[in-house]
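Here is what TrEMBL says about this protein:
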REGION    43-66  region 'Disordered'
COMPBIAS  53-62  compositional bias 'Polar residues'
DOMAIN    88-518  domain 'Major facilitator superfamily (MFS) profile'
TRANSMEM  90-114  transmembrane segment
TRANSMEM  126-146  transmembrane segment
TRANSMEM  153-171  transmembrane segment
TRANSMEM  177-199  transmembrane segment
TRANSMEM  211-233  transmembrane segment
TRANSMEM  239-260  transmembrane segment
TRANSMEM  326-345  transmembrane segment
TRANSMEM  381-402  transmembrane segment
TRANSMEM  409-426  transmembrane segment
TRANSMEM  432-453  transmembrane segment
TRANSMEM  465-484  transmembrane segment
TRANSMEM  496-515  transmembrane segment
Amino acid sequence: MGDKAILTEVLEASHLTDTYGDLTAKGIIKELRHVHSEEPSVRYSNLEDGQAAPSSTVTTPGGTERRKTYTVDDAVETLGFGRFQLKLSVLAGLAWMADAMEMMLLSLLTPALICEWGISSFEQALVTTCVFCGMMLSSTFWGRICDRIGRKWGLMFSAMMACVCGVFSGLASSFYFFLFVRGLVGFGIGGVPQSITLYSEFLPTAQRAKCVVLIESFWAIGAVLEALLAFFVMNTWGWRALVILSSLPLGIFALCSWWLPESARFHMSKGEDGKALETLMKVAKENCKQLPPGDLVASEAEKAHASNGGTSIFSLLSPDLRTTTLLVWLIWMVNAFSYYGMVLYTTVLFRSHDECHGGLFSNVTSSEACVPLTRGDYFDLLMSSLAEFPGLIITALIIEWIGRKKTMALEFAVFGLATYLLYFCLSRNTVIGLIFIGRAFISGAFQCAYVYTPEVYPTTLRASGLGAASGMARIGAIITPFVAQVAATSNLSYPVGIYGTAAVIGLISALSLPIETKGRQMQ
């Protein structure tokens, strides 16, 4: 993404017309002197030698002095990427790692729960569906909470709720109580994506996309850590210990969130200029930089939000955003449907009796039989989880080259091709290789959607937009267990055709997006 073009501080404050937009400082002075043969009424001290004036006031052509002004965008660009953003990266990454561990846990639990309670294939699907139902119900809820009381508090409450309920699910004495508490875990996790909203609002334009993509590496770390945890814990302490240990990172994040700053853009949208300035001063101190001279003022969008007292979720479907919103929702739905489907389908393949699709248990004829995963299976799951890293690297390399839309389209295409190839009779190593490729690229497409969505919406709709998109993703995630786990009991090839077709739909949707946010300043 190209750097935001910033004139020197004096030139920003003078509000010169676009006539002088492409001139240098010396050129502007020359033009002004050409227009006014007498001594110019607007003085630009020290510009002749390339230095900006330190003064925080400017003299207008009318002879009066007024204070310079700057917006949050100007401040974020001036402060750049420094120590503050590095700390925020680690904290936001912790939230993402904890979220990934809870999601990866879903595919690891099913074999153990079959042995614990003898659940059917339909009940296996409910384990995942209940979590995503809670996430779907809460996504817009947490988005509205974050838009009303702030990103920081919404994140803290949601993470603590997910942690506490996760611990209780590990102590469940019956399957249906387990489902109920896991649904509450999902309700809490639904607020975690707001960490991306908060994170992106402190990033300068030039670094925003790469930083948001690279923060997703924490998701990959979480997925790999969960597989490692299962490798060492499941056969020794059992699934209950794994569930409890997997919930702890969310609690750690909730405690660490006391350090989180509130979004300066959020404060400005609420008309709280003093709090916004206090936050920006904290960033400036951490980064050893100075804020632009003058007074902090609200942008037009922030003024509108303050005067209206908030926004409605229906604003996402306003005429100028309707097409974008509907396509974003479809892309998120396809991403979640395909990504979580592939994660669940991998475990189904490993437990199957079909040696053409990676199965090793030729004597097993039912998906409802008690067949615990072996250490070899956990190792193969670990290998497939490592696919998240190349997926993120590829996305980070091409997202600024070909743009967000084409990046998502390309990754949907590769995922679809890898998925369709699973239809053929292949060795286990080849199946693992195709799963690795497919998971790498669908993971990349998902992370690209996380970059695109906060960029395409204005500040007053950003959290609600991301929350609504996450909610639509949960619909895809709610449906996918019935494809990966239930439909697969009839024929292991059914999920292959369904997930491959979903990828084609995602590809078309990405290319149809009306707005490309590459190089576009956050509104």
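Glycine is treated like the rest: Cβ placed from N, Cα and C.
For the transmembrane segment (126-146), the partner stretch with the highest count of Cβ pairs under 8 angstroms, out of 90-114, 177-199, 326-345, 465-484, is 177-199. If one looks beyond the transmembrane segment (326-345) by at least 6 residues along the same chain, the residues whose Cβ comes under 8 Å of a Cβ in the stretch are 103-104, 106-107, 110, 128, 132, 317, 408, 412, 415, 419, 435, 438-439, 442-443, 445-446, 449, 452-453, 456, 465, 468-470, 472-477, 479-481, 483-485, 488, 495, 499, 502-503, 505-506, 509-510, 512-514. Against the transmembrane segment (177-199), the recorded stretches 90-114, 239-260, 465-484, 496-515 differ in Cβ pairs under 8 Å, and the greatest number is found for 90-114. Touching of the transmembrane segment (90-114) and the transmembrane segment (239-260) is concluded from the presence of at least three CB pairs under 8 A, sequence neighbours closer than 6 excluded. Tertiary proximity for the transmembrane segment (496-515) is limited to same-chain residues at least six positions away from its ends with a CB under 8 Å from its CB atoms, namely 323-324, 327-328, 330-331, 334-335, 337-338, 341-342, 345, 404-406, 408-409, 412-413, 415-416, 419-420, 422-423, 442, 445, 452, 456, 483, 487.
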